[in-house]
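Written out below as structure tokens is the structure these notes cover.
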Amino acid sequence: MTLSLPQQGRLRAAVECRRITRRFAGQAVLDGLDLDIAPGEFVALLGSSGSGKTTLLRTLAGLEPIDQGQLQVPSAMAAVFQEPRLMPWKRVWRNVALGVRGAGARERAEAALEEVGLAHRLNAWPGTLSGGEAQRVALARALVREPHLLLLDEPFAALDALTRIRMHQLIIRLWRVHTPAVLLVTHDVDEALLLADRVLVLANGQIAEQLPIRLPRPRQASTPGFQALRARLLQLLGVETEAEPAVDISLPLSRTASR
């Protein structure tokens, strides 16, 4: 097993996985998996429950060891999970500044909170936040570290539909500004198509399929090609579908040009 954490300037890719294997009780959850993610690329990962999506993300984050293979990731990375995981005894800005070293920690935390629209909540207690606000704090906590790799483990799954749309808009805007590579783990095919440059399907411990998403941004379900990609991904996931009318779930953005 080789685990390498080179400096970002020496990386040709933000993520390089070569034949990585991770076993639990003798069962290979990741089984000789290969994966590359380019700097600044937004990748979504789909798969059935138990397919190993979260295991892969936790492996990239350094939270799970690998049993075999080679893995290269940047030293500057951050993760946002489905649960915000805020410390209730620390005010919002102190949650954002966790792990930030130097005299400017508060200023950096305040700047990150302003980016996610929560400058007015910097002295609030986490228990007073809505679900969407708490996730925005978690996102600010990730961004304050200026990551070259941002890992998102179903961060929008527990949010209501309107808040999810707003979070989608926010994450795309921040991605365009900060340009990290992003790996989003999700069960939502539409979410993957709305956000990602490339969608991967994980099955049997390996990347079974990958589809480049060349649809113009901002995207919506009625964008030409969206429904065909959706049907293809659902087929790969073993979901039988019938033709349905397109529902407009557009993501209006202030920056409309594609990256």
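Glycine too: its Cβ is placed from the backbone N, Cα and C atoms.
Under the three-state DSSP scheme, Gly47 (ATP binding site) falls in the coil class. The ATP binding site annotation in Swiss-Prot covers Gly47, Ser48, Ser49, Gly50, Ser51, Gly52, Lys53, Thr54 and rests on sequence analysis.
As annotated by Swiss-Prot, domain 'ABC transporter' applies to 15-229.
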Binding-site residues compared (Ser48, Ser49, Ser51, Thr54) - the one with the fewest other Cβ atoms within 10 Å: Ser49
Cβ atoms near Lys53 (ATP binding site) (within 10 Å, other residues, all chains): 23
